[in-house]
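> Taken from Swiss-Prot, the feature [4Fe-4S] cluster binding site applies to Cys443, Cys449, Cys488, Cys492, supported by sequence analysis. According to Swiss-Prot, the siroheme binding site annotation covers Cys492, on the basis of sequence analysis.
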Amino acid sequence: MTVQTKTKGLAWQEKPLSDNERLKTESNFLRGTILDDLKDPLTGGFKGDNFQLIRFHGMYEQDDRDIRAERAEAKLEPLKFMLLRCRLPGGIIKPSQWIELDKFARENSHYRSIRLTNRQTFQFHGVPKAKLQTMHRLLHKLGLDSIATAADMNRNVLCTSNPIESELHRQAYEYAKKISEHLLPRTRGYLDVWVDGKKVQSSDDFLQEDEPILGKTYLPRKFKTAVVIPPLNDVDCYGNDLDFVAISDGNGQLAGFNVLAGGGLSMEHGNTKTYPNISLELGFVPPEHALKAAEAVVTTQRDFGNRSDRKNARTRYTIQNMGLDNFRAEVERRMGMPFEPIRPFKFTGRGDRIGWVKGIDGNWHLTLFIESGRLVDEGGKQLLTGVLEIAKIHKGDFRITANQNLIVANVAEADKAKIEELARTYGLIRNDVSKLRENAMSCVSFPTCPLAMAEAERVLPDFIDELDKIMAKHGTSDDYIVTRITGCPNGCGRAMLAEIGLVGKAVERYNLHIGGDREGVRIPRLYKENITLPEILAELDDLIGKWAAERNIGEGFGDFAIRTGIVKPVLNAPVDFWDVSKAVAIARA
């Protein structure tokens with residue numbers, strides 16, 4: 001089967017389609033035979049195409065890798081269960097919804113936890129197949145769903161979390177919701193399978209369905225969108241396929257958006273045809289044209305994106321293949337209007353404001369630091385219970401941040417003391433969290449992620465403990481370095497926008513990247529390859545010592561590494577990301 005498309009001049013067009021394209025074409029608008037698999041008691045998982053199709057419904061099949069070998073020895077299949085990721089544009093959720101979600105996690109998930117993600121939503125881990133319809137029906141009852149939070153669609157739309165400029169944030173959040181809804185699939189397959197629980201009986205039913213934006217075969221690959229309000233880059237906007245940078249009119253109102261496209265952080269070890277890249281500027285649009293711009297970028301990627309090689313199918317590769325000017329021109333043609341010139345903007349940081357902050361409307365917002373976003377009652381901590389107890393009395397809302405933290409938002413002055421008392425009682429407010437730890441992040445990795453090559457979430461606390469000691473040794477404890485660990489090169493931990501990024505290479509081994517910046521606008525350079533955590537700490541001890549002794553006033557670690565030539569900056573990732581001659585430490589090794 002070869003590509004049949006109206007587009008011309010793309011080298012991949014005459015190559016065979018990837019099998020995922022066949023799968024989508026034959027899926028009956030994402031229904032497949034999922035309902036049949038739900039009735040099969042012989043396996044805890046899904047068979048054939050359904051293994052992939054459930055991803056379009058916001059789920060991944062996983063197993064507990066800690067006991068995989070043990071179960072194999074006992075002639076048992078892996079302990080299979082599902083990860084579910086909710087669709088939650090901007091990360092806002094009501095306390096009443098949270099109470100019900102907490103109950104489900106405790107009663108029906110293997111790990112009895114809720115994981116806050118860096119895409120501003122939550123995940124259930126370890127949900128057995130028999131509980132999936134129960135879970136989706138609960139989400140539906142709560143006004144939530146998980147459609148399009150995975151697979152080849154526009155994923156959960158991010159929006160700057162900290163609501164200091166309340167009116168501007170409200171307006172930006174409304175557009176995040178509108179963009180999310182506008183780019184959703186139109187198929188009823190999700191409802192038919194998970195809520196109604198019935199098969200479509202006639203082929204005529206399929207003739208009535210259409211996907212005017214995504215198309216019958218949806219997008220070539222995953223697609224990520226964010227709305228960001230400068231000067232805070234908490235959503236890491238340069239790592240997304242599509243970004244809307246909210247521009248104020250000077251009076252706290254939304255003037256419009258700068259539109260950026262082509263960011264993405266995944267790669268494949270040793271494959272120089274893959275690379276992370278920051279998003280590029282297309283132009284400015286007024287608010288009323290934001291949806292047109294979103295649709296135009298998505299449909300351009302739909303029609304020009306690589307459907308032969310999934311490793312080169314993201315928007316950044318489409319822009320590289322077409323050229324930025326041609327990509328922009330095609331988007332403008334589809335919008336029916338040209339972009340205006342980019343409006344000036346600047347980012348000054350991207351960490352969350354931990355603690356209490358007062359909004360301009362007089363309400364208070366408490367940002368709770370949640371290490372790696374994991375809410376669970378274990379190891380003497382009752383973080384999950386703490387959030388539940390707050391939810392029982394909170395009159396505002398919760399906001400999940402893109403840094404895996406939780407904001408107890410819109411707290412009245414009269415309720416502030418009680419909220420803080422509960423947070424302290426359950427360990428949600430701690431006095432021993434360093435700035436370094438507040439600015440660290442990890443993906444989930446072992447034991448549930450099937451792609452994990454090395455630990456991430458489970459080693460982050462101890463790794464930061466050791467890095468804190470190094471910071472103290474060199475007199476920099478009052479400062480921070482944006483540090484991220486990801487268990488494989490797929491980019492979920494956003495290590496490719498960190499000052500210090502660890503990327504899993506094999507069991508207990510990582511590639512060490514340095515030279516990103518605090519604002520999240522530069523890709524870090526590979527510094528040392530395939531080394532252990534103790535070896536990484538030894539390298540960082542030396543480098544942090546140099547930073548402490550030789551840095552300029554206010555100079556971050558990543559900027560120092562670039563200025564002093566420890567590594568050369570990644571200036572044009574498609575060309576120089578893999579250029580090891582610019583990784584000074586490797587060249588001299």
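Every residue number used here counts from 1 along the chain in the order it is shown.
Including glycine, each Cβ sits where the backbone N, Cα and C put it.
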> Which residues, same chain and not among Cys443, Cys449, Cys488, Cys492, have a CB within 8 angstroms of the centroid of the CB atoms at the recorded [4Fe-4S] cluster site?
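The answer, listed by sequence position, is Val444, Ser445, Leu451, Ala452, Ala456, Thr486, Gly487, Asn490, Gly493, Gly504.
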> Within its own chain, what residues at least 6 apart in sequence put their Cβ under 8 Å from the Cβ of Cys449 ([4Fe-4S] cluster binding site), listed in sequence order?
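In sequence order, Gln62, Cys443, Gly487, Cys488 meet the Cβ cut-off.
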> On a simple 10 Å Cβ count over all chains shown, which one of the binding-site residues Cys443, Cys488, Cys492 is most densely packed?
Cys443
